[in-house]
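See below for the structure under consideration.
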Amino acid sequence: MSQIKTRALITTLIISVVGGYVFYLLNIPLPWMLGPLVFVNLSTLIAKVNIYWPINIRNAGLIVLGYIMGSPFTLSTLQQIMVQLPAMLATTVSTVLFSILIGYITHKKTGINLANCILGSTPGGMTQMVVLSEEIPTSDTTIVTFMQTIRLLSVVFIVPFLAFHALPSATGQMTAVTLTAPPDYSTTLIFAAAAIGSALAAHFLHFPTPFLLGPMLGTAALVVSGFTPPPVPSLAVIAAQLFVGIYMGVTAKPANLQNWKQLLPYSVGGGIAIVLFSLGMGYLLTYWYQIDLITAFLGTAPGGMTEMGITAINVGADISTITAYQLFRLLFMLLILPIFFKWYLVPKQPANDNV
C-alpha cells in the first residue's frame, strides 16, 4: 500500500471513530454504522478530505456481523419457525410486495431508477440491500444508501415508540437469560474457522452478499448441531459496524445526489407506511396464534432483529417468537430476494440476430 493510501486510510478511520462516538453520545440508533457513514460523507463534501477504505476490511466486518446473526439460530428457534411457517411466509411475502409497491410509487413520482427505488424501500436490512446494490449494475449505491438510512432511522424511532406507548402491554413473561460459562478457546477457534470458511465458500459459489450470508449459515449450522456460540466482545461488534459503515460512506457519492429533496419525503413516508402495514399484519397474527399484539408487531416490524430484540426485552414480549419471525424474514431476504431482484432488476441482454 502506498504512503498516500495509508495516510488516507488512517484519516478515514479517525474521522469515522469521531463520527461514531458523536452519534453514540447523541443516542442515535446504530451509531457506529451511521456515524461513520455521515461523517465520511461530510468530510468529502465540506473539507474535501482524501478518503480510502479497502473492501477487504469491509468484508471482515461483514463476517463478524454474519456470525452474530447466525448465533441465535437454536434448535428451538428452528422448531418455532416450522410451526408458524405459513404465517411467516405470508407476512414476509406481503411485506416484500408492499415494499415493491412503495418503490414503484417512488419511481413514478420522482423519476428515479426503479432498481434504486425498490432496493431503497425494501426492509431487507440496510447492509444487505447496499451490498446487493453493488451487484446490480442499474442501481446507484449512493441513492440506495440514502433511502435505506432514512427508512432505517424512521423505523427504529417509530417502532419502539409504538411498542412502549401505543400498544397494550405484553401478557407473557419476559424470557429469562441463562448465564453460561465462557466457552473454551477450542470452541472459539471452531466458530471462527466456520465463519471464515463459510464466507470463502459462499464467495466461491457466487452466493449473494457472501461475506454476510456465508458466516450466518455456517454459524447457524454449528449452533443447531449443539455447539454453544461464544459471545462476541463489544469492541469487535463496534469495529464490525464501523468497518461496514465506513465503506458505505466511502462508496456513497453525496455530491452526485442532486434529487435528495425529492427522495426524502418518499423515504420517510415509505418507512412509516411499512411500519403501519406491519402493525396491521401483527394484529391479524393475534387471531391466528395465541400471541399478544406487541410480540406479533415486533416479529413483523422491519426494524431488524437486533433492534426488535432489544425492544422486546424492555417491554416483556416473547423473544423466541420475535427471533423466529425476524430470522425467517432475514433468511428470505438474503436467500430468495437477491435472486429475484437480480432477475427482475438486471437488464436482459437482447439476443443477437444474425442476418
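Every residue, even glycine, has its Cβ placed from backbone N, Cα and C.
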Range annotated as transmembrane segment - as stated in TrEMBL, picked from 118-139, 294-315:
294-315
Ranked first among 187-204, 263-288, 327-345 for CB pairs under 8 angstroms with the transmembrane segment (87-105)
263-288
If we skip the immediate neighbours and take only residues 6+ beyond the ends of the transmembrane segment (7-26), which ones have a Cβ under 8 Å from one of its Cβ atoms?
1, 32-40, 43, 49-54, 238, 241-242, 245-246, 249-250
